[in-house]
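What TrEMBL says about this one:
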type	residues	note
DOMAIN	1-58	domain 'Fibronectin type-III'
DOMAIN	64-159	domain 'Fibronectin type-III'
DOMAIN	163-252	domain 'Ig-like'
DOMAIN	259-353	domain 'Fibronectin type-III'
DOMAIN	359-454	domain 'Fibronectin type-III'
DOMAIN	460-557	domain 'Fibronectin type-III'
DOMAIN	561-646	domain 'Ig-like'
DOMAIN	657-751	domain 'Fibronectin type-III'
DOMAIN	757-817	domain 'Fibronectin type-III'
REGION	457-480	region 'Disordered'
Amino acid sequence: RESDHRAWTPVSCTVTRQNATVQGLTEGKAYFFRIAAENIIGMGPFTETPKEIVIRDPITVPDRPEDLEVKAVTKNSVTLTWNPPKYNGGSDITMYVLESRLIGKEKFHRVTKEKMLDRKYTIEGLKEGDTYEYRVSACNIVGQGKPSFCTKPITCKDEIAPPSLDLDFRDKLIVRVGEAFSLTGRYGGKPAPKVTWVKDDIVLKEDDRTKIKTTPTTLCLGILKSVREDSGKYCVTVENSTGSRKGFCQVNVVDRPSPPVGPVIFDEVHKDHMVVSWKPPLDDGGSEITNYIIEKRDAHKDVWMPVTSATVKTTCKIPKLLEGREYQVRIYAENLYGISDPLISDEMKAKDRFRVPDAPEQPIIKDVTKDSAVVVWNKPYDGGKPITNYIVEKKETMATRWVRVTKDPIFPSTQFKVPDLLEGCQYEFRVSAENEIGVGDPSPPSKPIFARDPIAKPGPPVNPEAVDKTKNSVDLSWQPPRRDGNSKIIGYLVEYQKVGDEEWKKANLTADSCPETKYKVTGLTEGLTYKFRVRAVNAAGESEPAYVPDPVEVKDRLEPPELILDANMAREQHVKAGDTLRLSAVIKGVPFPKVSWKKEDREVSPKADIEVTGVGSKLEIRNTVHEDGGIYSLTVENPAGSKTVSVKVVVLDKPGPPRNLQISEVRSDSCYITWMEPEDDGGSVITNYVVERKDVASAQWLAISSTSKKRSHMAKYLIENTQYLFRVAAENQYGRGPYVETLKPIKAIDPLHPPGPPKNLHHVDVDKTEVSLAWNRPDRDGGAEITGYLVEYQEDGADDWTKFQTVPMLDCVVTGL
């Protein structure tokens, strides 16, 4: 029976074997079968198939899989895909078996052990440079079918393909404002390229209006609601490790223009017409302005009347005006995409308006000679009245006053030859125009010109020669050219060429860097041979070159140092303190020697300025002091030798203070002063000493000697008992040195001596333990008032005297006897 029916259908009832063939079944339908055995007694029970059986051809192994392809290859992996077999053998595919064989080997090896049903597989872990071939087999319930055809031998290496780019857009694209546009295309390459969009060298990023979409094979840039600022040069770059490709598109987003730029200028105003001008729009909308539309309106009416709608000039005549009425003008700009908003003028009354002519533009000067020049100018606006005369003026550049070049009228010609110029002077010129109203403003001054004949290029320099050389430089010298071309020689250009080369190199870039007829070419290579040439340059240009006759080999020329002493380097140099000491000498030698200055075999003072030039050296000390004196030596040295000269420098100054000032032999009216000469006589003989004294109660010093050459002096005429200070200074021809002063004052008194003995010592009374004594004053007091008397006593027969006491009076009572 069919699986979806309940009724059984008999097939045969006479089968005696244990099998039977059932005919007339429908392919694809499912059936149940049952069998019963029968004997002469009757038919036994049926046995039924446990599950339904679908009618189909007998099951075999699957056919071979188809279209085995290599999708990707790297240095260590291969990716393969394939399609199922055309016939699965009557049973579903249960898995695929992928096999590989290393070229050079015989056997195929299974790639994967797990059960695989996907028809794509990546084999990893391969060795770079190995070559394999692959095949795949399908399996069903019966078993494994035939393998597919093998792939071509595949070598493990990274696949590289330069980028490719196929664009859907052209070089130029025009878009209306507000519309969207997109730039699309396709690309490829291995490894997968990076896609970058750029507009006017700025990388684009997504925002509300900018959309960028990139798939593995397509690219797209979209701009929504475009604006004028979206105009520009768009560039897409497709780049990978092998290179890059670029595509360009110039996008122009167009719109109607912006309004013309005001204000509207009324260039001319007359009773029946006006001439107005304006400036073009700041933005032409991305399309050329095709014309301007001009309208006028009587200020007291609302109606605008057309003037013209077919002009591309930014000026227009407004005709058919009524005298005395006020008018307004409005102007539209138009391009291919529309008409701008209007520019509206101020009100202007229609009436004649005359004025003096405008100032001409800056005049041009031509045909200059040593005493004349031609001034050329353009006719200015005449102010409404015809120009009747031009006034040409000149002035020297450094002067302030302008002078008319002629009193004769100049008209209608717009050029004039100015005579009577002074050769070599620099002049400026200006022009004014005149009509019946008056003289207009002068033009801007012309560019300054020198009154001199036209100039030509100079002749070549004369007799260039190499006069000196070192291991990396050559000194050249020459004479000026015989012809200067009527122009001052600005300088010279020096060139050199290595022998064997074709190229000449410049030693100096500009002529003014070599104004003299000599030049040191530096930066040369020792041992090589060079050629040299020189050109003269004036305002007209460069002369023909003059060549140094013979090539020059660059190497040091050794000359031992030589010193040519100046007058200030004599054996002894005297300089006054406070003046400037200058020592200098001319130095020669090749190469130029190393220069060193020493004082007493030590470095010179930091206050000394030492200058070394290419021809000599100078040492300078300003505001000299006595300590700057000494032996100065100048040493010059180069590889060929050395030379040293010395000079004794004496700094002449006032002497120092005298030493060891002493006061002795003090009397009531005099004292004796002695001293020693100063340690430093200032470099000159001491001519005299100045001795001064001062009463300690006085503020003023009094000179008591100023001409003595001795180192002592008797100070007389002192006042007894007065205290005095003394000071001494030395003088030489350069002035008076500092004073040395006594440390303590001295008192004018005679020297003191012990007084004489008291006279007439006698007793006046005696007691058992005391004696009363009396005596008279001594004859001499020793130069000072007697302050007391010392009383002593001695036992009779004893050796020593015993002091009793000192008393002030001429009597005493000795007690304790």
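Every residue gets a Cβ built from N, Cα and C, even glycine.
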For the domain 'Fibronectin type-III' (460-557), DSSP counts of helix, strand and coil?
3 helix, 44 strand, 51 coil
Any residues 6+ beyond the ends of the region 'Disordered' (457-480) with a Cβ under 8 Å from its own?
487, 489, 492, 494, 496, 517-526, 530, 532-538, 540-549, 552, 554-557, 590-591
Would you list the DSSP helix, strand and coil counts for the residues of the domain 'Ig-like' (561-646)?
6 helix, 53 strand, 27 coil
Can you work out the mean pLDDT of the predicted model over the domain 'Ig-like' (163-252)?
90
